[in-house]
Every structure is written in structure tokens, then in C-alpha cells.
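Everything below concerns the one structure shown next.
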Amino acid sequence: MSNKINPKRREPTAAAAGAGATGVATNTSTSTGSSSAGNTSSANTSSSSSSSLSSAGGGDAGMSADLTSLFECPVCFDYVLPPILQCSSGHLVCVSCRSKLTCCPTCRGPLANIRNLAMEKVASNVKFPCKHSGYGCTASLVYTEKTEHEETCECRPYLCPCPGASCKWQGPLDLVMQHLMMSHKSITTLQGEDIVFLATDINLPGAVDWVMMQSCFGHHFMLVLEKQEKYDGHQQFFAIVQLIGSRKEAENFVYRLELNGNRRRLTWEAMPRSIHEGVASAIHNSDCLVFDTSIAQLFADNGNLGINVTISLV
């Protein structure tokens with residue numbers, strides 16, 4: 001089974017009609033941010049913090065839940081976790097918000113680099129809810145486990161898996177396919193574990209991508225072919241498959257991509273990416289099927305490139 005996938009440049013949205021399917025492409029750029037934290041000094045906690053805590057000792061679940069409110073950041077309402085810094089009046093703010101502030105959000109005083117050691121000690125005995133509790137996570141964690149859990153939490157919101165950065169949607173896994181069908185109607189879905197992904201007009205200049213969905217084994221997979229210019233004047237194609245699901249679910253599958261023609265064969269086999277991981281990092285690290293334009297021409301037919309895609313259970 002095959003369907004033509006027309007290219008779509010990576011610019012806002014432009015879909016062209018194909019033989020029952022269209023592709024999606026947008027101009028992409030990657031930006032990275034960095035932050036730095038200044039040196040901190042240790043000091044005794046202010047009287048306001050320590051007096052609040054002295055009457056709230058204990059470690060049962062109910063008291064732990066009550067104590068978490070003491071760690072709420074007044075700016076983002078996330079939790080302030082060690083290392084905990086306070087202003088000269090004893091007010092707390094989380095590290096993320098602190099880097100964006102010039103004064104204490106509570107008293108407008110200066111942001112001193114003073115460690116609140118008493119609150120840090122209390123934090124080690126308090127269990128915090130996962131930040132994705134609003135999406136259904138019921139985990140209760142000590143602060144040393146919180147960040148690691150949240151990075152892989154099965155309840156954390158999924159980003160739109162479509163290539164490019166134009167779509168800002170995010171939501172629970174069970175709404176991803178609904179989002180794709182409603183907001184990305186140009187993407188066609190083919191049924192079966194063996195299909196042919198036919199990308200049209202591969203000779204178009206610039207950054208272009210082709211996208212198709214494949215449905216089998218009760219799951220949905222997104223097939224992505226991107227053409228990028230990683231180095232000046234050197235264009236490359238990157239082909240990869242991602243599962244609309246978690247990494248744990250992705251471990252149950254393996255995909256195989258194959259270019260075939262003119263007595264030549266080029267193959268790639270790997271575990272599909274999960275949409276939590278996305279495809280950007282894999283493409284950046286060339287952890288996918290990679291070939292340049294000269295190789296593409298060996299397998300292309302009148303500017304169209306067919307890729308055999310096979311999904312298998314492990």
C-alpha cells in the first residue's frame with residue numbers, strides 16, 4: 001500500500017493536494033537557552049521561616065501535604081526545592097523564577113544569596129506531588145526523585161508530534177490523534193504493518209519535510225522524512241518513525257526503512273522514537289536513516305522517492 005506525500009515547506013502552513021495525501025513542511029530554527037546561577041552563601045534561616053516550621057514538625061502523610069504549601073513559589077506556584085535561597089526577610093522563590101527577577105516578589109527587597117538551611121532540612125522529609133498531577137499523576141515524591149520522575153512521567157503532557165515549531169498544542173496522549181485529525185488534516189493515515197511512503201518532489205530547494213501516519217498493532221506511528229542543509233551547500237535527507245505513545249510502549253516495536261531500486265538497497269532498523277522524545281534530537285545526532293541528495297537520486301523516480309516502511313513487534 002502506498003500514497004503520494006507531497007512536500008510542504010517549513011513556513012507557516014501550505015498544503016498541496018496529492019493522490020489522496022499531502023505533506024507538511026515548515027521552515028525550522030532551533031534555539032537554545034542557558035541560565036547561570038550565582039554563588040550562594042549559607043546562613044541561618046529567618047525567624048519567620050523557622051517559627052512556621054517549628055510548629056509543623058512530624059512526618060505523617062497529612063502533615064506532609066500541609067507542609068508542601070510552605071514551599072510554593074509566589075511567582076509560578078511550583079515548589080521551591082533545595083538549594084533553597086531566601087531574601088533578607090526570609091521569603092522564598094524558586095530557582096527558575098529567581099533568575100528572571102531583580103527583587104523579592106513578596107517584599108520587593110533585594111534578592112540575597114542566603115541559603116535557608118532549615119527549609120532544606122524540612123524539604124528532605126516532605127513528599128511533593130508530581131507537577132503533572134493535573135494530568136492524572138498520583139505520585140508523591142521526595143524532592144531528590146521529583147525532577148527525574150517528571151522528566152519521564154507517563155502523565156506529562158505530550159507536544160504536537162508534527163515537525164516544525166508552528167504548532168504549540170500540548171495535551172494528554174489520548175487526545176493526540178484527535179488533535180492531528182482536526183488540526184493537521186493534510187496528513188494521511190495508511191493501515192498495515194508494511195506500507196510504501198512515497199515522497200513527491202524531493203528536488204525542491206530548501207528545508208522540506210514529508211509526513212504520513214501508519215496504523216498497525218493497535219497503535220499509530222508517524223513517518224517523517226526531512227531534507228535539511230546541515231552544512232553549507234550539503235543537503236541531507238533524514239527518515240525516522242515515531243510512535244504516538246510513551247517510550248515504554250515504543251520498546252515493544254521495531255521499524256525498518258528501506259530504499260530499493262536499480263539493484264541497490266539501503267536500510268535502517270531501530271526502535272521507534274516516542275513522541276515524548278520527539279525526532280529533533282535523533283535527526284541532530286543522525287540517529288536515523290540518513291542519505292544525501294546524490295544517494296536519493298539513485299532511488300528516485302522522476303523526483304519521487306519511495307521508502308518501504310515495516311513495523312514489527314519485538
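Each residue, glycine too, has its Cβ placed from N, Cα and C.
Features as listed in Swiss-Prot:
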REGION    1-55  region 'Disordered'
COMPBIAS  13-55  compositional bias 'Low complexity'
ZN_FING   73-108  zinc finger
REGION    122-314  region 'SBD'
ZN_FING   125-185  zinc finger
BINDING   CYS130, CYS137, HIS149, CYS153  Zn(2+) 1 binding site
BINDING   CYS160, CYS167, HIS179, HIS184  Zn(2+) 2 binding site
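All features noted in Swiss-Prot, drawn onto the structure.
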residue: CYS130; record: Zn(2+) 1 binding site; Cβ within 10 Å: 20
residue: CYS137; record: Zn(2+) 1 binding site; Cβ within 10 Å: 18
residue: HIS149; record: Zn(2+) 1 binding site; Cβ within 10 Å: 16
residue: CYS153; record: Zn(2+) 1 binding site; Cβ within 10 Å: 19
residue: CYS160; record: Zn(2+) 2 binding site; Cβ within 10 Å: 20
residue: CYS167; record: Zn(2+) 2 binding site; Cβ within 10 Å: 18
residue: HIS179; record: Zn(2+) 2 binding site; Cβ within 10 Å: 17
residue: HIS184; record: Zn(2+) 2 binding site; Cβ within 10 Å: 19
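Same-chain residues with CB within 8 A of the center of the CYS130, CYS137, HIS149, CYS153 CB atoms, the Zn(2+) 1 site residues themselves not counted, are LYS131, HIS132, SER133, ALA139, LEU141, GLU150, GLU154, CYS155, ARG156. Listed in sequence order, the residues PRO161, CYS162, TRP169, LEU180, SER183 complete the 8 Å Cβ shell around the Zn(2+) 2 site centroid, once CYS160, CYS167, HIS179, HIS184 themselves are left out.
Per DSSP, the zinc finger (125-185) is made up of 24 helix, 10 strand, 27 coil. Put simply, CYS160 (Zn(2+) 2 binding site) is 20 Å from CYS137 (Zn(2+) 1 binding site) when counted between their Cα atoms. Nearest in space to HIS184 (Zn(2+) 2 binding site), taking C-alpha to C-alpha distance over the binding-site residues CYS130, HIS149, CYS153, is CYS153. Rounded to a whole number, the distance between the Cα atoms of CYS160 (Zn(2+) 2 binding site) and CYS130 (Zn(2+) 1 binding site) is 22 Å.
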